[in-house]
Ligand SMILES: Nc1ncnc2c1ncn2[C@@H]1O[C@H](COP(=O)(O)OP(=O)(O)OP(=O)(O)O)[C@@H](O)[C@H]1O
């Protein structure tokens, strides 16, 4: 069928999708923004009308406004009202731009924060399904593109209200012109819509795909800069990034050009229609010369607003498809995965038993079990060495005990105090990642208060006190990107100090001292034993000597 209401329902659906994305705290700002956007065309109408009145008065004629006759003597006041109206219009335009742009930024911030919060609360296995680079891309570029939907929405509302208000005025003033313009717009919308929609959807998908690749390659290149230099492969990777940037730029150009095509064509058609319509009005219309001049000026003002509004309506229709896809992508990201599950069962009643892994099994893939029916008791004061060949599942077991990976079968039973998170659990992974701030930032690690005495105590335990004490800025020394200013062993020890600072009752160390020389490792482990007292330490090591010297129990996989 040539005419169908379906697109309008689709449009309402899209608008609802966009509006549902607004966080509640921003609703008031949203209403203000819409109010200013709607006020603009109303003031435009008032201005166009007042121009007509002013021109009539200026030419010695009269005009009745709200029952008051304005004639030659009212020229001053007529001009003053015109200036006031213009000031009001420009003021509202400024407020409209300011509120819509502020809201768009606020929505970007809200999207970005929600995504970051979501990613950080994902269960470990869900979190590792996607690369960090792509998650960063979603929290920055996708969130920004999604927020831009609101700019499109405001443009759409502004264009619609302008068309309704000023279009009605045009129909009253110059019916032939208005009807010709409306007919042309409807015809053009229907003939070009599906073609442009297809083009734009392809462009949006391409844009997302190449943007992901770009972030991925960039992230990898910066992480691998040393390897790239030593293997002399910078040109290869630069070329790859350049190719991705080329594709991304092309997709970006397509995305911004496609919605403009209907606008350009429509403006051309409408300008011709206005010229023809005005000619017809002058030839056929029955106006006095005063009225004709005033009418022509009014129509010119109306047309100056209506033509861009029509064009804007066309481009926002097309842009809306792309924008909604970004919002849908953000929603998909926000709805993925479950919340991180606390699978600790706080049922252990034995006074000294902190944790009991009861016949736990786990496989990253159902057909390949990594751990099968493993049982382990962790009691107060235990020092447990987890041993086994590489790839056997030691880290997996440690992460399961630390609360990151729920067992496929079996249970992780804990003392009730641990179940309620009253006794802290600390974990140091194989690869320690450090904040780029100071030593203090890394030890405090997000805690407001800072216990300086405790910080020096844990630095002494990890044999870093002398080194940090001799730095010019001491605890406040910046350690660079991921602690680049420290040696590998020093980085590992900052990671351990960070864990000890929490005064944990259960400490999991995944080869956390592997970068230390043997004597430092033995000394640090001895200090950890002392600091941990009645707490339990579960550590993975490939060094027999470390295991023999410090373990009170062994868990062989
Ligand atoms: N996120 C993951 N997804 C799929 N498979 C994984 C994942 N993490 C580890 N694996 C697989 O599980 C097995 C056990 O890995 P794990 O890291 O637990 O071994 P490990 O004993 O600690 O090894 P290593 O001594 O080398 O550190 C390996 O074969 C590894 O390929």
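In case you wondered, yes, glycine gets a Cβ from its N, Cα and C as well.
According to TrEMBL, the domain 'ABC transmembrane type-1' annotation covers 33-322.
Taken from TrEMBL, the feature domain 'ABC transporter' applies to 355-557.
Distant neighbours of the transmembrane segment (30-52): 19, 22, 63, 78, 81-82, 85-86, 88-89, 92-93, 95-96, 99-100, 103, 154, 157-158, 161-162, 164-166, 169, 294-295, 297-298, 301-302, 305, 309; these residues of the same chain sit at least 6 beyond its ends, with a Cβ under 8 Å from one of its Cβ atoms. Sequence annotations record features per position, and here TrEMBL assigns transmembrane segment to 30-52 (among others).
Per TrEMBL, the feature transmembrane segment maps to 64-88 (among others).
As annotated by TrEMBL, transmembrane segment applies to 147-166 (among others). Counting same-chain residues at least six beyond the ends of the transmembrane segment (147-166), those with a Cβ under 8 angstroms from any Cβ of the stretch are 15, 18-19, 21-22, 33-34, 37-38, 40-42, 44-45, 48, 96, 100-101, 103-105, 107-108, 111, 302, 305-306, 309-310, 312-313, 316-317, 319-320, 323-324, 326-327.
According to TrEMBL, the feature transmembrane segment maps to 172-190 (among others).
Taken from TrEMBL, the feature transmembrane segment covers 264-287 (among others).
If you look up TrEMBL, you'll see 293-313 (among others) marked as transmembrane segment.
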PLDDT averaged over the residues of the domain 'ABC transporter' (355-557): 89
